[in-house]
Amino acid sequence: MRKLTGSDILIRAYLVLFFFFLLAPLGVMVIATFNSSRFPTVTPWLGTTTKWFDALFNDPQMWEGLVNSLIVGVAVVLVSVPLGTAAAMVLDNLHRQARTFVYAVMVSPLLTPGVIIGISTLVFWDRLGVKGGLHLAVIGQSSFITAYIMLMVLARLQRLDRSQEEAALDLGASHPQVFRKILLPYLRSSLVAGGVLAFFQSFENYNTTLFTRGTDITLTIYIASKVRTGLTPAVNALGVILITLTIVGAVGYEIMRRREVARAAAARRQAELEEIPANALVIADAH
Amino acid sequence: MVQLYHRYGALLATLLIAATAIWVLMMVVLPYLVMAEYSFHPNLPMMQQGGPDDVYTLSNYASLFSGIDLLNGELPDDFRVFLRTIWGSTLVTFISLVVCYPVAWHLAKAAKPEQVGLLILLLIIPFWINEILRTFAWYIILAYNGPLNSALLGMGLLDKPYRWLSGSGGVLIGMTYAFILFMMFPLINAIETLDISQVEAARDLGAPEWQIHRRIVIPHAKPGIAVGSIMVFVLAASSYIVPAVLGSPGTRWFTETIYIWFFEGQDWPRGSAYAFILLGLCVVFILSVMRIFRVGLTDIAK
């Protein structure tokens with residue numbers, strides 16, 4: 001064991017400072033929720049209250065935004081999971097040169113800023129006579145969320161042992177049967193994970209929604225408008241709820257992911273398989 | 001293509017291609033092309049669109065630069081905003097890299113394995129919270145009567161409260177906070193693949209710590225630095241909510257200018273042109289970084 005040197009102490013102090021920088025703002029926001037001050041703040045402390053939760057629950061706009069966000073989220077899952085799966089299957093069967101080009105086009109929405117995806121969706125559909133609204137938010141968000149699904153499914157497809165498919169065809173199975181009985185079960189874990197990812201991506205999307213929403217509001221639009229104008233601690237109350245749900249959801253997802261990985265490992269004795277790329281969650285809110 | 005039909009049969013293969021076409025054409029390629037075409041049109045009332053005045057023009061692009069007077073140092077407002085966006089995003093990218101590097105090094109190589117899991121979790125938790133709410137947290141912290149000023153006054157570091165939210169400081173802090181993990185994870189991934197025996201060999205031969213980083217770790221981490229820089233720069237340049245919440249009219253961002261042309265100025269062609277310029281800025285940055293650091297597209301889209 002090396003003794004603690006000056007640089008060890010320095011790096012530890014730096015780590016403490018870094019994690020304080022990372023986590024303290026969340027603490028401040030949570031604490032400000034319970035301050036009875038009219039504005040969201042922790043200084044000065046004017047007494048402890050839970051009235052901002054009541055204020056939040058009595059705001060019809062919040063409920064409208066929440067319901068709209070849920071609708072959009074489910075719609076995005078229904079659009080992006082089938083499209084992303086189809087795109088991955090097509091890409092998986094393309095020849096080398098075409099494949100490189102099509103791959104570049106398909107991942108381009110992931111590198112395109114969310115505002116620009118929103119703007120191009122708005123302009124394109126406006127030219128076709130379709131105005132902004134929740135439906136356009138679904139289309140805009142699906143444009144890049146489909147790319148995530150495509151990558152997740154493609155990663156799984158590339159490890160598929162095709163002899164199963166061929167054996168089934170040789171034994172007289174029809175093509176749709178092969179798809180339903182072999183491919184779909186094989187892709188199931190990726191599809192479930194992709195669906196969950198797509199929903200949360202959609203739920204917290206702001207940039208693309210901002211331009212495509214028309215006059216409809218989603219929960220993020222509601223939060224942004226309150227943050228920018230209303231300045232009420234009711235937003236903090238919403239923050240506390242979302243932080244709680246997020247942590248519960250994150251832990252749940254992690255447990256699910258580990259279970260899937262463990263199941264696959266047991267089945268194939270290849271413990272290093274990364275069934276669902278953990279990175280997909282990390283790059284998740286790029287928009 | 002042939003292989004697709006062979007594997008899945010005519011019906012299924014056709015459906016798959018149709019679905020893929022809907023996504024790639026209707027949701028990715030055509031919207032870009034139509035936006036590009038639209039940006040070369042003049043802004044005309046509905047009645048005159050397609051009429052004799054509806055000719056292709058570069059005026060929407062030119063309007064960003066018109067009025068630049070280098071001799072007198074005068075810059076038009078929109079162009080000033082554009083420059084601020086480039087400079088600010090570059091600064092945020094650089095700050096993120098500097099702030100992340102020691103932490104990434106520690107997590108990838110120096111820390112004990114049992115600590116790493118917990119620290120990674122601590123990194124991810126704030127990341128799961130909505131960006132608007134995280135930005136709002138900084139609004140509370142940086143407010144004139146907020147906890148940061150109280151703390152600094154209490155420690156005697158300030159004589160009177162500082163207006164964090166009226167300059168660019170709040171925007172830069174907020175963006176660094178919002179996007180820092182997009183730098184952190186690529187860095188960790190890149191440093192993790194370094195063979196630690198190289199570092200030990202250098203150490204045994206008496207290399208000072210900073211030389212080890214300069215000659216071994218940083219060159220090895222190049223792909224991670226490239227990917228992290230691309231992510232942070234693009235996110236910062238295209239951020240809307242952070243400057244909207246933590247900035248002031250004097251620190252407007254280019255995305256806000258675009259929004260204003262769309263929904264307040266009702267000049268969609270110009271808004272489209274500006275959006276295209278923003279996209280161009282991001283593409284130029286991505287391509288330069290890919291060239292400088294010699295990384296490919298597949299490294300980035302991981």
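The backbone N, Cα and C atoms fix where each Cβ goes, glycine too.
Taken from TrEMBL, the feature domain 'ABC transmembrane type-1' applies to A:66-253.
When Cβ-Cβ distances below 8 Å are used as the criterion, the transmembrane segment (A:12-34) is approached by residues 40-42, 48-50, 52-53, 233, 236-237, 239-240, 243 of the same chain, each at least six residues removed from its ends. According to TrEMBL, the transmembrane segment annotation covers A:12-34 (among others).
Residues or ranges marked as transmembrane segment in TrEMBL: A:66-89 (among others).
The annotation transmembrane segment is assigned in TrEMBL to A:101-124 (among others).
Outside the transmembrane segment (A:136-155) by six or more residues, the chain places 72, 75-76, 79-81, 83-85, 87-89, 91-92, 106-110, 112, 114, 117-118, 121-122, 125, 130, 187, 190-191, 193-194, 197-198, 201-202, 205, 208-209, 211-214, 216, 218, 274, 276-277, 280, 284, 287 with a CB less than 8 A from a CB of the stretch. Summarising the annotation, TrEMBL assigns transmembrane segment to A:136-155 (among others).
Below 8 angstroms of C-beta separation, residues 69-70, 72-74, 76-77, 80-81, 84-85, 138, 141, 145, 148-149, 152-153, 155-157, 160, 165, 219-220, 249, 253, 256-257, 260, 264, 275-276, 280-281, 284-285, 287 of the same chain, each at least six residues beyond the ends of the transmembrane segment (A:183-203), sit close to that stretch. As annotated by TrEMBL, transmembrane segment applies to A:183-203 (among others).
Remote same-chain residues near the transmembrane segment (A:234-253) are listed as 26, 29-30, 32-33, 40, 52-53, 55-56, 59, 62, 196, 200, 223, 226-227, 281 (criterion: CB distance under 8 Å, separation of at least six residues from the stretch ends). The transmembrane segment annotation in TrEMBL covers A:234-253 (among others).
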